[in-house]
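Each remark here refers to the structure printed beneath this line.
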Amino acid sequence: MGTIRLMHAKLHRVQVTEANIDYVGSITIDPILLDKVGILPLEEVDIVNLNNGNRFSTYVIPGETGKGEICPNGGAALLCQPGDLLIIYAYENCDRQEVIQRGHTARVIVADEDNKIQDFLIQTLVPCEDGNKVEFHNSSMIDTILESSQT
């Protein structure tokens, strides 16, 4: 059936904290955000700027832990300014038939104005009994995240 590209991670409405034209490409992101959704350093991401509609692709580098940093670098810095809201997507290639048979899971962080986790969503494709399609499910896991951070 072929290969399809599915979102596996998303940072929704993160706020640009800095734009650094002098750095050689990429986007710097707080490692806490990267770890929670499963984006790796050097992974390619697509970015949408909600303030001006700019869309671009780049790769990720981790910033300082816990600082909430979102910093487009190099040419990407020309497409954003501090305060802009971004959506950052990461994808993976999947075998279509395997997704239909076994499903797929994506992790989504919805950020607050300080780039802290406001909501944490698990979005899943669940195989249907007939084996020919999947159902989409969207569940908030914020209570689980908050409980685990308190222990």
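Glycine is no exception: its Cβ is also placed from the backbone N, Cα and C atoms.
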Binding-site annotation, Swiss-Prot, substrate: partner of GLY74, GLY75, ALA76 in THR58, THR105: THR58
Collapsed DSSP category at ALA76 (substrate binding site): helix
Closest of SER26, GLY74, ALA76 to TYR59 (active site, proton donor), Cα positions, recorded positions only: SER26
Environment of THR58, GLY74, GLY75, ALA76, the listed substrate site - residues of the same chain whose CB lies within 8 A of the CB centroid: GLY25, SER26, ILE27, PHE56, PRO72, ASN73, ALA77, LEU78, LEU79
All-chain count of other Cβ atoms within 10 Å of THR58 (substrate binding site): 19
Binding-site residues compared (GLY74, GLY75) - highest count of Cβ atoms within 10 Å: GLY74
Cα separation, SER26 (pyruvic acid (Ser)) to GLY74 (substrate binding site) (Å, whole number): 7
